[in-house]
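Written out below as structure tokens is the structure these notes cover.
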């Protein structure tokens, strides 16, 4: 405690000593007035200096300023004296007044206007404001006139150790790989101190570890945390809790301190090999298991995590290396054993495999610790299953001639039961593949026979499915496809490929090829088609045409002479016999039609009709058609014109031209107005509520249908026109089905809920003189005025 008190006293008086030292040199070094800031006891020396300067007659500033200091957080019973202002212009007669302005003047700092003493009135905090800039001036107390120019000075707040260190970014989290060597960098922490880092040791920090030893250490001045123990194992302990302390005053006694926590996690490295949980695994599997199906799982545990724990599995030995395979489950890291090829209980009943698990990612630093792999033995027992029948071949191909006899055997399929019990087999045909039931099969021996005749030209291939079923277990079924090829026999005669019609020019030459024809045969011989062409025996010596076989298996028709004429014969028929080279050979007779035509000099056919010769020269068939079309059009126009002339409009009134009479119609009938109650039924104009709510619509045809009136008989020439019109008018007035339709307009209804009722005169049953209009005054000013007008009118009538 005495040391702390001595340190505080030295911090307090140091500024005053510095001020005393720095004031005197400043007087000699700069031209200033003879006023200055002094501590107590310094006025004599300054006065002597003032006299010497006055002898030299030099104009100098009276203020010599330096910075003042005040201790922060000072809380004594009296205001603390910061410093004193004094000028040598003050003769001591108290005529000079000191004025202070600037930061905190009058509130924080107060000056004695007579003595110039400056006091701090409040506790100051350097961390809030480190210095204050103020202005001092000496004025005449009576006139307030400045005696000298104002001058600025600074009051600095001197720091004390009142703020502990703080870890702004704490708490901290850090990681370091496991098995690290001593001195491996972990992390760095940082503490801050709000005290002045320049003055004293208030902000000088020293770091240390309170918790976390002996695993970690910290540099005292850099705050770098490092590992302190080698080979820390994550699998033994993964997380460490470390407490760090920062202390100011260089770590000496009496300094303030702050703490933070650092959570250090060891990250994993691949320092552990995989290890099977057991050295021997047993699995059993049915022999009919599907390929690719899993039959069991093995697991090699690894104490590491993440990528370091991933392992791959492989079968390295055993009698089933080609039968089974093992893969890795990416989610669980299990080894999944699957069937790679079909199993057969009757052939082999068990297998023994040696399975190895090895790490994928190996750290070379730990290879010396041993191989990062492990092995285990897997025994697999195959269990017997009731298997379906097995055909001797996966597919069958049968051939049959299309002329094969019914019930002849086409071929045979065989199958057996692979089980030890060897159940008998029954065969059948899947009729979905043989809808026409062209084949049968013997259920016992599997022989396929023909049920209906075959035709290669209709269908060359037949694909059926044979079903084999165990007699002891009908659920055990196998199927096999059977393809039946129908072989060709020569059962179709050749014929023309198409219906040929040859054209022979009248100006043709002898030996000219008229037409080239070809033949087709539905059969399909192995060596291809070869056709023979000939004329009928009675047509061998045909005087007009002859035939010639071509190398491409076609036939050319040639003319023997020229001078063919359509006038003599227009069409010639030439029968031709076509034979194939099959066994037995088949033949047919086809007739070729040869038409004689007129051709151009180039041999282009122009016309083959005989009628073309009777037409005028230069008039073609197209021109004749155009002429006929024009004639028909003219006839149609004439017929329409005559029809329109005959259908003229007849007059509506039939009368003779000589029967002319004068008709007079009187229109002097006037209505009776509102007083005429005989012409209309006034009741229909009342409130529609009185007619059961039915409102007739305008211009709508009535629902009532009248029988159509009988047509009038023809009127003789001497008919009275006036009587005729009256009869028609009467019929129209009494026919409700003929427009325009009658309509009723309602004027006597003014709506429901009106207190005034209706003002219409149609409902008035009494005269105006019998009415009293005084009640209208109760309805408001407007109706009151209306009542007065009616009352005045009644009084005038009475007068």
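Each residue, glycine too, has its Cβ placed from N, Cα and C.
Per TrEMBL, the feature domain 'Cadherin' maps to 87-167 (among others).
If you look up TrEMBL, you'll see 168-276 (among others) marked as domain 'Cadherin'.
Annotation source TrEMBL lists domain 'Cadherin' at 277-391 (among others).
Here TrEMBL flags 392-496 (among others) as domain 'Cadherin'. Per-residue pLDDT, averaged over the domain 'Cadherin' (392-496), rounds to 90.
Counting residue by residue with DSSP, the domain 'Cadherin' (496-618) contains 7 helix, 52 strand, 64 coil. The domain 'Cadherin' annotation in TrEMBL covers 496-618 (among others).
Sequence annotations record features per position, and here TrEMBL assigns transmembrane segment to 613-642.
Positions annotated as compositional bias 'Low complexity' by TrEMBL: 753-770.
Look at TrEMBL and you will find 753-774 tagged as region 'Disordered'.
Residue counts for the domain 'Cadherin' (277-391) under DSSP, split into helix (H, G, I), strand (E, B) and coil, are 10 helix, 57 strand, 48 coil.
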